[in-house]
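Taking it in order: structure first as structure tokens, then the write-up.
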Amino acid sequence: MSELSERQISSSSESTEKKLQTTKNEHLENPSNRMEQTSSLSSNSGDVVEVFRDGSIKNDDYEIPNTEDLLYDQKKNIKDHLGILFICILIAFGGFLFGYDIGYIGGLFAMGNFKRHFGSYNASENKYYFNNAKTGIIVSIFTFGACFGGIFLSSLPNKYGRRFALSSVCVLYMIGVLIQVTCTQHKHAWIQLLIGRLISGFAFGGIGSTAPLLLAETAPAKLRSICVSFYQLMITFGVFLGKCCNLGTKSYPDTSSAQWRIQIGLCFLWALLVMAGISFVPESARYFVQQNRIDDARKTLSKLNNVSQDDPLLQRELDTLVYSIEAEKLIQKGSYKDLFSTKTKVLQRLLNGIVLQSLQQLTGANYFLYYGTLLFKTVGLKDSYTTSVIIGIINFGSTFFSFFVVHHYGRRQVLFFGAILMAICMLVYACMGTQSLYPHGMKEATSKSAGDVMIAFTCIYIFIYSVTWAPLAFVVCSESFPLNVKSLCISINIGTHFMWASIISFFTPFITGAIHFYYGFVFFGCLIFSIFFIFFFIPETKDLTLEEVNELWMDGIPPWRSANWIPYQRRGGNYSEETIMNKKRGFRKFF
């Protein structure tokens, strides 16, 4: 064992070690006395934790090493953690299902056999087509189901475990896929398709609420932000592969249902892969401790960190986990009434999260990702599927760059300047589409140069979105809420996200049919509003703990000054608030 590990073990006094072990055993062997015993820990001298009304936790004399994994310190080389990184990728693959749906569904509407099975027949023109209502509802029904699935299935992980929850909702997802892929050509076939997509979407709501949770509980502390970002990476990979499937199956003749059955059928395979991957993932140690199954939690930590179950550092990490969960149990669980509290500023934080999730959808990203194939066909491209694949590549590739941006720059910086750059791209796109694309009228040939400019700025837009707003809107929300109401606030934020995704995907065909590329000006206006909203309402939360975020809000620091704010525990004797507030000069002081 390394010298660092020895120092870590010896630094904890024998009395503290005994207190940790004794308290852990008493709590777990006598559940009826847990609250009384734990309360005494938080009220006596030599407290382990102090729990505040707003749900924040303060460490006193004993410093729980909850910001650094003790076991990680034994292995400084990231190569020693390739196993746990692989496990995190398996968990994150659940996000692929959502990305794949975004990627493939829009391309189906341009395929002849899909129109024949699920579209409407125009006798005068002797062809099948999709009206705006049918297009919108088929696309949006998946996210509509996910919105409710995230709410009603969110309790499964805590009741039955993370692994069981993921596996069970994958089975439900596959049932929905089977309903879709077995559709035959009849008058109401599209209703069967809707039912299948609704069930699959509802099931994904459970996946979307469980996979990120298991990711955060599995990843080492020093790698946690990267591992959680794997989920977004898998979503973009799914978008890319979905568009590739569009391109690969479009060559089938219009008489063959393989055009769409292959793409929908692959969803069944992806769900099977998620289930197979989960079989290699150990159950969350946190879940085991919550269920008083300490030996199982020890086995999980041993497997994840590849050390013996008797390792002293493993025991300390387990003790730390026990104390963390006992501290959470001291906190009175928040109710919906607490969401309206202005004293702890929960209401302001919740409204910030709701508006931020709404604006993420109103930036216009799903306008391109869902309907890119149809849009590029309108621009005049002969092979709009290829262009959509390029968009998918940019969306996927830029996610790797977002890892660097998210971890090296402030939240306000990235969101603020991301909104500015996206607004410029959307303005150029809308101006070219309305002023230059149709030089001789809507019914005449389009301008190739104008179309090329629109596609180029679409690609730039997708790159900026994938690096800035795509990952950070969720990051900011996850960092903003007190512990006692965090789960409620996060579920409302996720519901808002899926609600707006459904609204945008449903109404886009109607709006584009009525105002065409003037729709871009709507998104441009939303992006301009986003710039001012970020500047005046979103505080900087990078590198702050949950307790420090609470301090920031309770201090009443204006968001445009929050980047220079220093938490109480980090302030030295010569701390001067006025000096800190004016440390940066010029425009930089606001970020």
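These residue numbers are counts, starting from 1, taken along the chain as shown.
Using N, Cα and C of the backbone, Cβ positions are placed for all residues, glycine too.
Per TrEMBL, the feature compositional bias 'Basic and acidic residues' maps to 15-29.
If you look up TrEMBL, you'll see 30-44 marked as compositional bias 'Polar residues'.
What TrEMBL lists as domain 'Major facilitator superfamily (MFS) profile' is 87-542.
The region 'Disordered' annotation in TrEMBL covers 1-44.
Feature annotation from TrEMBL assigns transmembrane segment to 84-109 (among others).
The transmembrane segment annotation in TrEMBL covers 129-152 (among others).
Look at TrEMBL and you will find 164-182 (among others) tagged as transmembrane segment.
Residues or ranges marked as transmembrane segment by TrEMBL: 194-216 (among others).
Per TrEMBL, the feature transmembrane segment maps to 223-242 (among others).
According to TrEMBL, the transmembrane segment annotation covers 262-281 (among others). Remote same-chain residues near the transmembrane segment (262-281) are listed as 87, 90-91, 93-94, 96-97, 100-101, 104, 108, 163, 166-167, 170-171, 173-174, 177-178, 180-181, 200, 207, 214, 218, 238, 242, 245-246, 249 (criterion: CB distance under 8 Å, separation of at least six residues from the stretch ends).
What TrEMBL lists as transmembrane segment is 350-369 (among others).
Among the features that TrEMBL reports, transmembrane segment is placed at 389-407 (among others). Residues of the same chain lying 6 or more positions beyond the ends of the transmembrane segment (389-407) and with a Cβ under 8 Å from any Cβ of it are 103, 225-226, 229, 232-233, 236-237, 239-244, 246-247, 368-369, 372, 414, 458-459, 462-463, 466-468, 470-472, 475.
Per TrEMBL, the feature transmembrane segment maps to 414-435 (among others). Long-range contacts of the transmembrane segment (414-435) within its own chain (CB-CB distance under 8 A, at least 6 residues past either end) are made by residues 363-364, 379, 405-406, 450, 453-454, 457-458, 460-461, 464-465, 467-469, 472-473, 476, 516-521, 523-524, 527-528, 530-531, 534-535, 538, 591.
What TrEMBL lists as transmembrane segment is 455-476 (among others).
Residues 132-133, 135-137, 139-141, 143-144, 146-147, 150-151, 154, 205, 208-209, 334, 336, 338-339, 346, 349-350, 353-354, 356-358, 360-362, 366-367, 370-371, 477-478, 480-481, 519, 522 of the same chain lie 6 or more positions beyond the ends of the transmembrane segment (488-511) yet place their CB under 8 Å from a CB of it. Residues or ranges marked as transmembrane segment in TrEMBL: 488-511 (among others).
The transmembrane segment annotation in TrEMBL covers 517-538 (among others).
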Can you tell me which recorded stretch out of 164-182, 194-216, 223-242, 455-476 has the most Cβ pairs within less than 8 Å of the transmembrane segment (129-152)?
194-216
Who are the chain neighbours of the transmembrane segment (164-182) in space, where the CB to CB distance is under 8 Å and they lie at least 6 residues beyond its ends?
94, 97, 149, 153, 156-157, 192-193, 195-204, 206-207, 210-211, 214, 261, 264-265, 267-268, 271-272, 274-275, 278
Grab the same-chain neighbours of the transmembrane segment (223-242) for me: Cβ-Cβ under 8 Å, and only residues 6 or more beyond its ends, written as numbers and ranges.
72, 78, 81, 84-85, 88-89, 91-105, 107, 211-212, 215-216, 263, 270, 369, 389, 392-393, 395-396, 398-400, 402-403, 406-407, 466, 470-471, 474
